[in-house]
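**Student:** Take this structure first; my questions come after.
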Amino acid sequence: TPILFAALLCVVNLILVALYVKEPKRTILPKKRFSEIFSHAKQLYTMGFLVNLAFVALQVTIALYGQALYGWNSRSVGFILALIGVETAAIQGGAVYKLTSKIGEVRTIFLGLAVFASSYFILSFKNPEYLAILSIVLLGLGLGLTQPPAYSLISKLTPRGDQGAAFGLAQSLTSLSNIIGPVIAGVSFEYVSPFTPYQIGLALILAGLVIFALFTPA
C-alpha cells in the first residue's frame, strides 16, 4: 500500500506539471565545464554533499535503529519520518524566510548545521527514548533551516546564465550521496554498531560546517 500511494502521488504530480508548468523560452548558451560551475559556490556544494550523505544514514537505518534500541514497529517509524517531513515543510514554508531576513543566509545555515549536529550527537550514543525522539525533532529543524538558504546562496553566488547548471550540479551531488550513503550506513550498522552510521554522520556534518566556515565570507 505505501508503494502504491507513492506511485499515485507521482502520477498526480506528473499530471499537474503537464497541465500547469509551461516550458520557458530557452537561450542556448556556451557550455561550461564542471569545474567552472563548481567554483562559484564550491563550499556550498561540498557542505551540501556531506550533510546529505549524513542524512541518508538516518533514512536507511532509523527503522533498524529504533527497532534494536527501543522496539519501534513500522507504524512508529512511519510516524517519525512523517514528523520530519511535516516539520521541515512547515519551517521551509515560512519560518526560515523570516529568520534569514533578520540574520542572513550564512548565519541561518550555521544555526541549521549546529542543530543538525546536535541531533546526530544524541543518536550516536545509547539514550532514553524521549531523547531519541527529541533528536528527530532537532533533525527536522536543522534540515529545514539549512536547505533553503543554501540554495539561495548558490543562486546569489552564481552568474544568472549559469544558475540552471548550478542547481543541476547540486541535484547531481545529492543523487551521488544517495547512492554512496546507503552503502556506508548499512555496512557500518550491520558490522560495527547501530550507533556508527550516526557517528560517521556527525563527523560529516561537522566537516561540512568547518568547510562552510572557512570558505564562506560572513
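Each residue, glycine too, has its Cβ placed from N, Cα and C.
According to TrEMBL, the feature domain 'Major facilitator superfamily (MFS) profile' maps to 1-218. Per TrEMBL, the feature transmembrane segment maps to 6-23, 44-65, 77-97, 109-125, 131-154, 166-189, 195-215.
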**Student:** Can you give me the average pLDDT across the domain 'Major facilitator superfamily (MFS) profile' (1-218), rounded to a whole number?
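**Tutor:** That region's mean pLDDT is 88.
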**Student:** May I ask whether the transmembrane segment (131-154) has at least three C-beta pairs under 8 Å with the transmembrane segment (77-97), counting pairs 6 or more apart in sequence?
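**Tutor:** Taking Cβ pairs at least 6 residues apart, the transmembrane segment (131-154) and the transmembrane segment (77-97) are in contact, with 3 or more under 8 Å.
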**Student:** Can you find at least 3 Cβ pairs under 8 Å between the transmembrane segment (166-189) and the transmembrane segment (44-65), where each pair is 6 or more residues apart in sequence?
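**Tutor:** When sequence-distant Cβ pairs are counted, the transmembrane segment (44-65) touches the transmembrane segment (166-189), since at least 3 lie under 8 Å.
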**Student:** Which listed stretch (6-23, 44-65, 195-215) has the most C-beta pairs under 8 A with the transmembrane segment (131-154)?
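**Tutor:** Answer, by Cβ pair count: 44-65.
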